[in-house]
Amino acid sequence: MTTRVSLQLTEYKKSLIKRDLEMGIVMTVFRQKVERLTVQVIMETRQVAWTRTADKNDGVLDLFEIREIRPGRNSKDFERFRDGKDKHDENTCFTIFYGSQFVLNTISLGGKCVWEGAEYVRFSYSEPSIVHLPLLFQEIGARKDVLNFEQFHKFYNILMFDQKDVSQNFTESWANDLNQVRELMTTFIDDTMRKTNDPEFTVSEFLSFLFSKENSIWDEKYSEMCNLDMNNPLSHYWINSSHNTYLTGDQLRSESSTEAYIRCLRLGCRCVELDCWEGPGEPIIYHGWTRTTKIKFEDVVKAINDHAFVTSEYPVVLSIEEHCPIEQQRQMARIFREVFQDKLLMEPVELMAEQLPSPTQLKGKIILKVRASPDGTMGVVVGGNNVKNWRWNKHYCVISDDTLYYSPVLHTSEPWFHGRMSEGRQTAERLLQEFCAESGGRDGTFLVRESDTFVTDFTLSFWRSGRVQHCRIRSGSEGGHTFYFLTDNLHFPSVYSLIQHYREMPLRCHDFDLRLTEAVPRPNPHLLEGWFYSNLSRGEAEDYLLRIPRDGAFLIRQREEGDSYAITFRGEGKVKHCRIQKDGSMYVLGTTTEFESLVELVNYFRKKPLYRKIKLRYPVTLELVSRFSTVRERDWERREAEKRGWERDIMGMRGGQREGEREKGAWKGDYGGKLQLFFPANFVEEVSNNIKAESQDQVGRVISILHGVTILLVWGQSVNDFNTSPSTTVRCGRLSPLSIALIKLSLPIINHAPTVNYCYKEIRSFVENKIPAKNKTPDFLKYNHKSLSRIYPKGQRVDSSNYDPYPLWACGCHMVALNFQTADKYTQLNSALFSLNGRTGYVLQPEMMRSDSYDPHLEKRKVKFTLTVRVIAARHLPKLGRSIASPFVETELCGHTEDNKFKTVVYRDNGLNPVWKAPPEPVTFPVHEPELTFLRFVVNEEDMFSDPNFLAQATFPVKGIRSGYRSVPLKNGFNESIELASLLVYIDVQQVEKAEEELYSSSNQLRRRQAELNNELFLYDTHTSLQRSAPPQLRDDLMREFSTNETQLQKIQDTCKQKIKEKKINNSKFYS
């Protein structure tokens, strides 16, 4: 629990407040209604109670369930009665948040004195007496049921160290020091008269020690933060991350709440998600297109600001999914700046860095991470104040090299746009009829074409009630901006936005009411591409390519044969040809490479080499050919030589010219790594003067994160490599009407598998079922060594269930986002992992994972430790209802392991102090990778229907587990402690030698083979019961192999037990 405590309170003042709370203080309680009640802390039962009369409590809460005491009027209880008669000053109010579920209960209180008294609502308390457990230790004690400190020292060493390999990772230094043993024993003696220099333990006191936190299974040194471990790049850490943080339940109808953000941040989460949508006058947060409730964006930002660094001082990442118009984006930018102020990371940490900054460098900072938005709206812009009143629309854009070109048309890339058709109306009707005949004729099937009659207009042709209808899309102009419309009262900035609107909203007229549904695709989309020529000879194609002195220039032409094409391109200074044959509906390049269209073929070889290392880069259009019509290849070589000599002659001019000024046919500028040099004017193309100013203005207003990395907020179709894919279509907003801007992309945030071309600035997001395949694991690991990755649940998890994070952690994924509101096995594994390193939310990945030789799939074959577990007893287990619990315990090893679960018998009607009889053999688990393996205890209750019901759990990383007879403090589903509840277990951790590792490997192989034989025998018996004439020879062979394997398996197990026994004997000799 964390509270804001005034350091100016004196001890005397504190004692007065404590006395008053124990006596009872009349306060105003804000719950279902506002009442004046007596609030009292009852120390005997460790409870807070509120009463109307002295003989009856109206309500109580347990002190150990308190999660937060929040000062001020910061809860819904106060907002509900804001206009009431009871007016309390901000300093006299506070709210208690308590409970064991994700959504906490609240009680809001107002008094006459300042709120500092709230810090005494939760008092420290001592452990109560432990119930008797019949463990005998008279063999060590001088008297019955009593141990003095020397006897306890001897007994403890036998219990703990005689059972295990000698390893510093699993021992306590105090056990070898008699003075420290004496001091520890004194703390567990109930009778003060027996607290002497020669203390003695009774059985009850010894059991108090066994069940105490001092004897915990968990070594607390692993919970401490190591400052040296916080100086690595961010890409070396697992980062505690949440998905859809605002939700308190399922993904469809649950409540969105700012308290969900507070809960996650206080649970140690360092990456939270904000789904931002357009709201009434201000942005809101909710799960779009669902019935989840909506909350104000500003309230969420304020809650994050107040609670971001309560649990951890290390950076918080806000993963923003943005769906707002530009006006509300400006509001978001203003709110970010005003609320976060200096916490918001706006400047580079290191200007010349070659890797991501460390958590220490980013301490106390809030980082904005913007991901692609599916609806095509612009991301948030934060920096800079010079925001013009521009009109923002969706536009078509092209990426070439490192620049992004915007142009004012978007619909031309859509499959439903067919351009200008010959015999337009008749052709459109034929295409719709053929398509509907194949697909079933769904009303609303449509296509768009250029109008036959009006040059600037378009025609919408759609299918309704078994026939084709046509509708004119008119165009108009206002204030220099073109708009499009079907009806006079509803205008759109583009044809694309008009079609998108009527795909979501019905198109109404007096005859019908329908939405546009399926789009009729273009029959030959390559006909609209500039690089396609339907009537071009081989010689003309070569002539065109010789004019373009660039490797990667290309065109596709139709050959004289009807279903045959050829791609002509430049590679290594030569012109190459390759035939493309049409086989049915497929286009075949060479003999085996098939594509559904020529457009798909071109897009593929823009990303992959077509010839040696040459990719398709420059489409040879008629416009490009005309630009180079006066430059032939032989002339180009001559002029290149002239240029080199000419440059040498004018180098002396560089100091005396103004920037951008042309002098004697020379331009001063930057190109190819040469800065502020003069270049021949015939090799320089003048670009519009307003581009630079607009470009700088835009870059000044984008978000800077990490090392001053700049995000250009691009969305829509994912792009494989922004820096190498020319002419790739994405959707964007433009800077100003009818202008072309060039913006450099320095941090694309994309959703796809990594390629070999990546840098540390990239952040890539993957849905859980779209991560790179198993054969790509080494490449994925290399990417994660350098750059960040985030994984999130698939959309089908509408119940907010979670996926297994372990395989993703093993691949080095950093932000494995889970639904924190669901208390399941996987959030408990997540909590166990991030209990390391002081609960900072950042855990340094093991050094072996950062080596190039690491392969998580190979780790499954190596057994490094064995872990023996036996559940002995439990105490004070929680109960679900009024009945007495009938508990049983499941023990599970989570990680690279098989056969990893064991279940005790059900102990009937005893949740107070159940004791489980020892099994004939304790359970032994093979541990393949202790750095990333977890030991999990789950306590369930068996109800009257023999169904299990969750009671408590405890999950620990194996590397921090201590051997011996240990206490397991139990926790609820959200990994919060349950007062008094614990297990007593026996733990034995043994390091496996090389010979033993081979034995365990053989044992695992035999077990798998036995399972296969069992299945074969079962199938054989089923088969023979149907066909009794089957020969018995097969069954005899299977039974013979099964029996032989059982004998070998028993020998291996006996050998392993003998080796463990020898280790114990050697260790016993060492301690004696």
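Just so you know, glycine gets a Cβ as well, placed from its N, Cα and C.
The domain 'SH2' annotation in TrEMBL covers 416-520, 531-620. Annotation source TrEMBL lists domain 'PI-PLC Y-box' at 760-850. Residues annotated as domain 'C2' in TrEMBL: 844-972.
Shown for the domain 'C2' (844-972): DSSP residue counts in helix, strand and coil, namely 14 helix, 57 strand, 58 coil. Each residue in the domain 'SH2' (416-520) gets a DSSP state, and the totals come to 26 helix, 40 strand, 39 coil. Each residue of the domain 'SH2' (531-620) gets a DSSP state, and the totals for helix, strand and coil are 20 helix, 37 strand, 33 coil. Per-residue confidence over the domain 'SH2' (531-620) averages 87 (mean pLDDT, predicted model).
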